[in-house]
């Protein structure tokens, strides 16, 4: 039996064991903002390396492996890549929707004046790249890929900001994260509306009935998360059969998730005071009433957190360090060739991200502030905003996802090369500018050492 007699917890903290030293360090590792982006980058490098190696054929065929089940007349068969893109990515979209709802109800997006700049800038960061892409691809086979250049990859942007650490003004961090939330919401709508197949209305109606049932369970007070996941899986199957991209199920369920806890803070305080009223010591009776009080306290502590907060804390590590790297491995692998890089689709994608994104974000943000629609956060200079706008050209995850819906074969490979090249150029350009900008005290955000070891 594990005991805590050798542990020395601080007052008000839980006792610890030897294994906690390892698990707590790992938890801290997962909480580092840059880690998710670093793991995603590593998966991308692995995919690109294997796709341009002697093992490329085997690597590509791995993701085409058919996987499925058959029960009587019912058969569900998909390739491994499709299961990741359509199935596991539903969890990614679910997390995105949870973050959007949390920010709208509880976070930075509550204040219309604070969020106006991000909304206006995000609109420019989607419309200008899309317009530039369509101008270059009008009447061409790649015209259907207009949605590829709209999104911003939150994980990579956060990773870039984390590299700069405390040198990043808080206003810039809030601005970019809010902008990425708006971008994600728009990208979700693009996938649902712009890249769905012909619709089977019967299957779609079954999915809608499932959503009504989930809403009814919530109103009745059903709190077992497993029941909701089972219902969500059934709804996913129905929507997948309808022709609408099934990842939209994750979005809808995320937006339906309550933001209020079942147990109020006042009720929690009353329950904990009852437990604390027992005299301290080793004479805990262990009778049914005492055990019941502890069980109620445990449930109350858990249920004080809203379902949005609990689900985000539970699923986010799995999505960030499992689903997204798998997605990168399955989709980022593409043969790197000069012919692919100079393909008109690749060049249009690069132009949309590298030029369209920063121009659109900066111009619309300036117009928003100039017209009084939005205000610039304290500490966020125009130079910092331009540096952040350059980082929004990192499309990656959502861009690869939309490209997979819009293109096939050679055109898809060209779009992927454009996305990867644009992400590299945008990250280097954004970081370089942000490092060169002065702090509020007039010193550069980044300074290197001179040969003599003295600082300028």
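FYI, residue positions are counted from 1 along the chain as it appears here.
Placed from the backbone N, Cα and C atoms, the Cβ positions cover glycine too.
When Swiss-Prot is compared with the stretches 55-75, 202-222, the one noted as transmembrane segment is 202-222.
Among the ranges 87-107, 255-275, the stretch that Swiss-Prot annotates as transmembrane segment is 87-107.
Long-range contacts of the transmembrane segment (87-107) within the same chain: residues 78, 178, 181, 184-185, 188, 236, 246-255, 257, 259, 308-309, 311-312, 315-316, 318-319, 322-324, 326-327, 397, 401, each at least 6 residues beyond the stretch ends and with a Cβ under 8 Å from a Cβ of the stretch. Sequence-distant neighbours of the transmembrane segment (145-165) (same chain, 6+ residues past either end, Cβ-Cβ under 8 Å): 32-34, 36-38, 40-41, 125-126, 129-130, 132-134, 137, 172-173, 176-177, 179-181, 183-184, 186-187, 190-191, 194-195, 320, 324, 345, 348-349, 352-353, 356-357, 391-399, 402-403, 406-407, 411, 415, 419, 423, 427, 430-431, 434-435, 445-446. Counting residues 6+ beyond its ends, the transmembrane segment (202-222) has Cβ neighbours under 8 Å at 228, 231-232, 234-235, 238-239, 241-244, 249, 252-253, 256, 258, 262 in the same chain.
Using a Cβ-Cβ cut-off under 8 Å and counting only residues 6 or more beyond its ends in the same chain, the transmembrane segment (233-253) has close neighbours at 76, 86-87, 89-97, 188, 191-192, 195-201, 203-204, 206-207, 210-211, 214, 405.
Highlighted: of the candidate stretches 174-194, 347-367, 417-437, 347-367 has the greatest count of Cβ pairs under 8 Å to the transmembrane segment (114-134). Nonlocal intrachain contacts for the transmembrane segment (417-437), taken as residues 6+ away from its ends with a CB within less than 8 angstroms of a stretch CB, comprise 44, 48, 148, 153, 156, 160, 163-164, 167-168, 332, 334, 336, 340-341, 343, 345-350, 352-354, 357-358, 381, 383-384, 386-396, 399-400, 403, 444-446.
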